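Engineer: Next up is a structure, given as structure tokens.
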Amino acid sequence: MKRTVRRSGIHIPLLAWATVVGLPLLWMALSAFKNDKEIIDDPFSLPSQLHWDNFGRAWSQASIGRYTMNTVIVVCGALVLTMTLGAMAAYILGRFEFRGRKIVYYGFAASMTFPIFLALVPLFLVASNLHLVGTLYGLILIYAAYALPFTIFFLTPFFADLPHEYAEAARIDGAGEIGIFVRIMVPLARPGLVSVAIFNFLGLWNQYLLPIVLMPDEKQFVLSQGLAALAVNQGYQSDWSALFAGLTIAVVPVLAVYIFSHRTIQAGLTAGGLR
Amino acid sequence: MSSSTTASRSLSRAGRRARGRSRGRSGSLPRHRGLIVGFLTLPIILYAVFVLSPYVQAIYISLTDWTGFARRLNFVGFENYTRVAHDDLFWTGLKHNLVMLAVLPVLTIGLGLFFASMLNIDRAGRGVRGSSAYKIVYFFPQVLPVAVIGVLWQFVYTPRSGLLNGLLGTHHAWLGSPDTALAAVLAVGVWSSVGFYVVLFSAAMGAIPQEIYEAVALDGAGRWRTFFQVTLPLLRDTVRVGLIYVSIGALDGFAIVQLMTVGPGGPDNATEVVGLTLYRRAFADGQFGYACAMGVVMLFMTLTLAVILQSRRREVGR
């Protein structure tokens, strides 16, 4: 009896933290369905009716729709580029012995220990010399460049550990090297590629620092910038409900990805945490 | 406070370890020279132009008086560094970064260990009932965009209609008063990252052999003694890794401060951090050379910190 009581006592602090984590998010989602008067006067009440129009207003008038499209374009472009180039480099670094291999590998690794904001000023200059500031394709290139080190780091051992027999058999059958990579190695490495792609998606979707430096024009804003600007603007216009709707719109994609892949994400962390 | 980089660092660690194990590669030069060169050229160019070259250029630019827009630039030696040393705002920002460095690791790692041991306390071969559900909820802030976290919490702290004052029945301007602004920002940092460490430490605890706990239980050790004499020593390496992540994050703090606070960095510079000062000097004041000097100072601080945390471990390990 005593044991049961003590055990359920464990849930008190655990539920308390779950509340601390969940409550602000629940509040955000509920506020997204209220009107402004309810948000200000009854911050805790449930919405009297579901104001779906908040989402419409956020999407079109507050430009969340355009920012979302910009984000989707940039994140998808960068994801394809990073995964392609990262897989190519990791395949070479993981499976071929050549002079300078270690230099290339640790060269990619080096930047992972530097905080990004130290590179901001020169990066802005590089981008502006190449006429990439304020362009979506410029942001795609730069997102991809900054996602490469992690991608290569994770995928190199993955490719290195794949069995050699398939590739050798294909070589004997006369397959070309690129064919071996595309048709044999990439499918074999799929689990690794999927985890890295999930992590890259979350990281790029949430990126804030790079776009505020590289996207000064409001038309090219990505979602995170747009939300920050919206928070300032709606503060003046007091359109709180549209702002909460905008925040909710920004959370839905990451929530979906997280719910579907939390096992993969936790497994990835576990592999990193155990030494 | 940096969310996604923490995760990626952790994953890369797994990569590095696995790399050491792998032996025997399938090809070598000169047979595959074309393939090697062809596959590596584009990634290396992209990386060298946009990642590596900015870091190298930062060191050179920090020795000039470049405004970033004028064509002319003069080499001024260490003048910018002298100015950094006399910049009050820089010191204010650094002070707040150091406060974060003192507070964040204790709270984040402490709470992470506390909840992880709660979740794994049932040593009958599985965790507390619902432990995986707890972990899913706890981890969620880690995947939220930092812009959402910043803007949302700005409203949680709002004086009249905010969630926090509503719960407490007060009307305090948490972010508007210099006494509480920094603490309010720190709380968001803790809120958003504890879940990551709960998952990390849970995994490490799950790997501790059951027999050890059975032996300690036979000795009659209580929960606290078990934690401090068995669990914590066995988790030492994982905790150290966590400390490095949190500490590097504590030297940043740019995004959350910029998104949440008035000014930003206010009120009265109460939440100024070095990253924000650097950003402002560069992109508002057009002092690119000076901003780079600030960045280089921070780079050396980050590296020093990493080296200290690494070497401490080596001494203890022996």
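Every residue, even glycine, has its Cβ placed from backbone N, Cα and C.
No curator has checked TrEMBL annotations; they are predicted automatically.
Dumping what TrEMBL says about this protein:
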| type | residues | note |
| --- | --- | --- |
| TRANSMEM | A:12-33 | transmembrane segment |
| DOMAIN | A:68-261 | domain 'ABC transmembrane type-1' |
| TRANSMEM | A:72-93 | transmembrane segment |
| TRANSMEM | A:105-125 | transmembrane segment |
| TRANSMEM | A:137-160 | transmembrane segment |
| TRANSMEM | A:180-205 | transmembrane segment |
| TRANSMEM | A:240-260 | transmembrane segment |
Engineer: Determine whether the transmembrane segment (A:137-160) and the transmembrane segment (A:72-93) share at least three Cβ pairs under 8 Å, counting only pairs 6 or more apart in sequence.
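Structural biologist: Contact between the transmembrane segment (A:137-160) and the transmembrane segment (A:72-93): present.
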Engineer: Under 8 Å for C-beta pairs, could you tell me which stretch among A:72-93, A:105-125, A:240-260 has the largest tally with the transmembrane segment (A:180-205)?
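Structural biologist: Looking at each of A:72-93, A:105-125, A:240-260 in turn, the most contacts to the transmembrane segment (A:180-205) are made by A:72-93.
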Engineer: Give me the stretch from A:72-93, A:105-125, A:240-260 with the greatest number of Cβ pairs under 8 Å to the transmembrane segment (A:12-33).
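Structural biologist: That would be A:240-260.
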Engineer: Which residues of the same chain, at least 6 past either end of the transmembrane segment (A:240-260), have a Cβ under 8 Å from a Cβ in it?
Structural biologist: 25, 28-29, 31-32, 34-36, 39-40, 51, 54-55, 57-59, 61-62, 64, 68, 198, 201-202, 205-206, 223-224, 226-227, 230-231, 234
